[in-house]
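**Q** After the structure tokens below, expect a handful of questions from me.
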């Protein structure tokens, strides 16, 4: 995101999409104080005439530049002038400040502010539980999973005597283990939150005691609204507080908001002149002061209020408030009054985090779970009905049957036994069979999926291929529940500036007076014109970054400055140096006689322009709240900043009113060409305007970002009129934002054009190659940008998004009818039909010519949320590339929703700025780029990384691996449990449907917990079907995830058929072998237990692609563990079947049965696997064979060591 896209942030703020997202780990903790931050440039000696005009202006909250406040030939304090576009526009658009909805804060008097103690204290709580609420609340949250309720009902049924199939303890154990593991994890996480809360709440701040007339120490949690606080340098702000005074006489303070919004640049805040004049050591810095402000809200960029001081009403805006979590920098101290505390502070109101998402596989798994439920019900019905038929056929024998005795003859009294009639017995048999077959729904699958995702995230985070050295940032996995979705992406929606480009702007060229200065450029020191500044201490100040200069333009400025063109060039660069909110800081070097000037600002565009002006000799060296100092070609001059109108999305420009040393007042304006040419005086300099437009078109075609610069000299009457209007607007209670915007629009007119600038935003490393690979993988790339169309198209060609053979469908319409016609023309020309009617396209021309759709934000206004959406969807989905220009944040989200709501395809959105938050949260997968625009996108994303090119290894490697592993693990868990259930079912058919089991209850419980759980988790984390090198080399392999090749209904049905066959082998081979022997049921149960564990683990081993010692240990170790557990269980004399395993293991038939079960059970699967891979191989199988062939031709590879599991 860059300067031309800042309008997007403005609209995002209005729609509440730029709120900071705080992590769940705990409260917002400040970073340790830094002692090596650069210091502001001190006041250098000035050799200029005194400024006859001394006025004031206001700062806009986003640029945070210093705000002037001086007086006109009078020592009386004045108000500031300017516009606070974003915040007050947001506030006034949502709610106007009236007494009924305002918060009244009596400065220094918390008792009057909150007499009934209704306002929250300053204590914060991020922990979810307390010792009393942990158990009930945690259990309540866990039982939101319907599967857990199912197993709870099963466990409760087993406690009733009529349904007691297993022991009461054994039936509860599986659910208890799962609940316990999750509860321990949640308890540990919440303990960390409690610990962080205690540290935060017990920090100490200085609070004014009105009785002692001094500042005393007070814990943060005890601070109340209305109290006056003092914060020292490098300390954190304890609450949201309005500034009253600072150590700077002009009321300026610098804060760092890293803990709030992730931005590391220093921001400027200021206290009002009416309060800075009060001594800070008085008992009441503001006597009888009253603040009327808006109610607490989440908008971290907005604040609306006013303050009454000595009967005078002073307006308050976002530049007058510092928020909790910020850190005071480069300012000795500040004094402020608490207006929001504790849970009402903006940082706490924004701590909800990104919305949770569910993976596509987990959603699809519900279908299979329902099918398994159907199979379970069918088995239970068969057993219960057959049980009723058996009892009906043997009703005369029930008196003497062990389980169905009608009467109890053990006592002298003849009484009923546990028999309730055939109807009730059938019902009881159904419920008992549900208990016996309960593991058909695998309860361990949920905890296994969480553990596998945690392991996958560990390797993704540690992958050095996703580490960005330039920003020292590792890959972040912020959402653990959608790892596998990375392997099924079909659409990628990308921001341009800062995502595809570096967002590190470099001044390239300028057109001044219609003349293009884009010729040969050389480094300023090579040109012999490097600009150094000698301060009063004989120290040399140099620019931290230099810009290549045009020799012709340098010559014009230095040797021909008296010519008309020279004067225009001088004013052009003076405008670049003045019309900004950059704060110059001095940075020390290893040479004590040399310092560097570093320009701090939130906009990379502004930084580039100020560096360019400095390289041409117009060096901004100081900014205070009332003036700026510029070294103009060696002559240090002081300019009064009389007014400042910040950039906003309505005007698309910013302006500054400057009082010059020659007693003139000038209005400098810079902005987008679409907004500037409408306010330029066209009756003069018409030729210059046309030449400038021509040069701008050429710059845009080269992919440069352009800004037009204009100037107008104001008369004293014009300025006085503006000043009076501003004072009225800034103190208005109703419609203040609207009045300030109208005031800015009114003053910005009849400009004389000076020229325009061309700034290059270079592509990030590897972007063209990444986009080409992504498109080869069958992923459609849509770029959504706020740049103008020409710039976006040029960047599209540079990054290989657009190609010369593409037919471009361009929609630039200013009405709904023209949009409709353009879409219909595209449909007719390229024979596009609705995807719901069959194929997406049906024309030979379409098959030969790739299409690219280019549409602007104005057209989208008439398309989105209207009946034209369907037409746009038809056109866009058949295009290979879609490029949207001049789009607002909500339009970005609307475009993502266009695909997400109409198709089953997976969507991914990637961006770096606050204007991308809505798009990131709308997509199935959201990725934030840790770039130059702060961390709003990162904090709202599911994953975060440093460069766009990392998308290739993330999707093609980790996404493919995660999808393949998770899909297999889900199917394997269904298979593993269904085999076990079918074994129990076959046994019930031969025991008079009495629901007795040969397998002990403890083996049934441990089957899913110990016997077979670990191998599937290990394989789910470590297995790799293909190497990293192969997956990146052949992007087409990624399509297997898009086409659901590894998880679909067909594979599920084949898995169920295989499980039925294997259960038949496990049950009937021992049954046929031992049916005429005296072996008891417990011995057969032990044989079945060992057989099923060996078989399912060999089944898993057959499907493992990449072996390592951990995989070997888990698979074969679980078989050994099963043997040990069966021996231990059969050694306990009080349990049924004691010593059974020892009797049967010493016979040769036992081992022969085990061998026969393995061979018979695995043979069909082995044959099908061999035939499929030989005659109908998939792309993945072909690639695996290719890898094997390459390994045969190369040297033999060694086993992969544990430390390099994430490597190829």
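We number each residue from 1, going along the chain as drawn.
Glycine is no exception: its Cβ is also placed from the backbone N, Cα and C atoms.
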**Q** Match it up for me: which of 132-150, 151-169, 170-188, 189-207 does TrEMBL list as transmembrane segment?
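**A** From TrEMBL, the annotated transmembrane segment range turns out to be 170-188.
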**Q** Take a look at 170-188, 974-993, 1148-1167 and tell me which one has the most Cβ pairs under 8 Å to the transmembrane segment (426-447).
**A** 974-993
**Q** Report the DSSP secondary-structure composition of the domain 'P-type ATPase N-terminal' (116-171) as helix, strand and coil residue counts.
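**A** Once the DSSP states are binned, the domain 'P-type ATPase N-terminal' (116-171) shows 30 helix, 0 strand, 26 coil.
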**Q** Of the listed stretches (974-993, 1005-1026, 1047-1071, 1083-1102, 1148-1167), which one yields the highest count of Cβ-Cβ distances below 8 Å with the transmembrane segment (370-390)?
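**A** Ranked by Cβ pairs under 8 Å, first place goes to 974-993.
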**Q** Note down the number of other Cβ atoms within 10 Å of the Cβ of residue 915 (ATP binding site), including every protein chain shown.
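**A** Residue 915 (ATP binding site): 33 neighbouring Cβ atoms within 10 Å.
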**Q** Starting from each candidate's C-beta and looking 10 angstroms out, tell me which of the binding-site residues 705, 786, 886 has the most other C-beta atoms.
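**A** When each Cβ's neighbours within 10 Å are tallied, 786 leads.
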**Q** Quick one: mean pLDDT on the domain 'P-type ATPase C-terminal' (938-1178)?
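**A** That region's mean pLDDT is 91.
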**Q** For 497, 647, listed as binding-site residues, tell me which one has the smallest number of other Cβ atoms within 10 Å.
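**A** Among the binding-site residues 497, 647, the sparsest Cβ neighbourhood within 10 Å belongs to 647.
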**Q** Would you give the longest CA-CA distance, in whole angstrom, between residues of 495, 496, 497, 606, 647, 670, 705, 785, 786, 787, 886, 892, 915, 916, the set recorded as binding ATP?
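**A** Of all Cα pairs among the recorded ATP binders, the widest measures 26 Å.
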